[in-house]
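Going by Swiss-Prot, these are the annotated features:
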- E9, D55: Mg(2+) 1 binding site (BINDING)
- D55, D57: Mg(2+) 2 binding site (BINDING)
- 3-84: domain 'Toprim' (DOMAIN)
Amino acid sequence: MIKEVIVVEGRDDITAVKRAVDAEMIAVGGFGINSKIISKIKEAQKRRGVIVLTDPDFAGEKIRSIISKRVKGIKHARISQSEGTKNGDIGVENASPESIIRALNNAKCETQKKTYEFTIEDMLFFKLVGNSEAKKRRDLVGNELGIGYSNGAQFLSRLNNFGISKEELINAVNTVNRRYYDEGI
């Protein structure tokens, strides 16, 4: 049983998550998110904590952002686009139970105070920008860290906002390098 309440977009997502874990859930109804639902999420955050698990697409990130701005201290769980895609449809409802469990286990909380641990130079060094493989590497490393895929600037911001340490990034990059590129740092 997961202690936190899991916030998802819709009923199909609830079904998929229930196949993976035993947890209380709140469905926001996509962009139908309103003050009543936000109040429910705030109450859940006070009582047990909240993990937001939205679709790995623009709409999912927008919903995640709306919730994050209104409810402080929530955790973010993410599945990759490849894990959430089936027959051209992207969503949590398409993810395997294993992918959902991995995402929930890797859920990260945004830090209240932004750190400046990482710079663009780190992104270049780890080939996360300025490289023909950068987009793929950000997807793989982001998945490994549990912060999801994003463009270079947003990825740098997530590294700093989620309190990722240099050691965590190095371990994730090494895992990706060994798994997909047959090399290490």
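Note: Cβ is positioned from N, Cα and C throughout, glycine not excepted.
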Per-residue Cβ crowding (10 Å cut-off), top of binding-site residues D55, D57: D55
Would you mind checking how many other C-beta atoms are within 10 angstroms of the C-beta on E9 (Mg(2+) 1 binding site)? 25
Please list the DSSP helix, strand and coil residue counts for the domain 'Toprim' (3-84). 39 helix, 14 strand, 29 coil
For E9 (Mg(2+) 1 binding site) and D57 (Mg(2+) 2 binding site), determine the Cα separation and express it in whole Å. 12
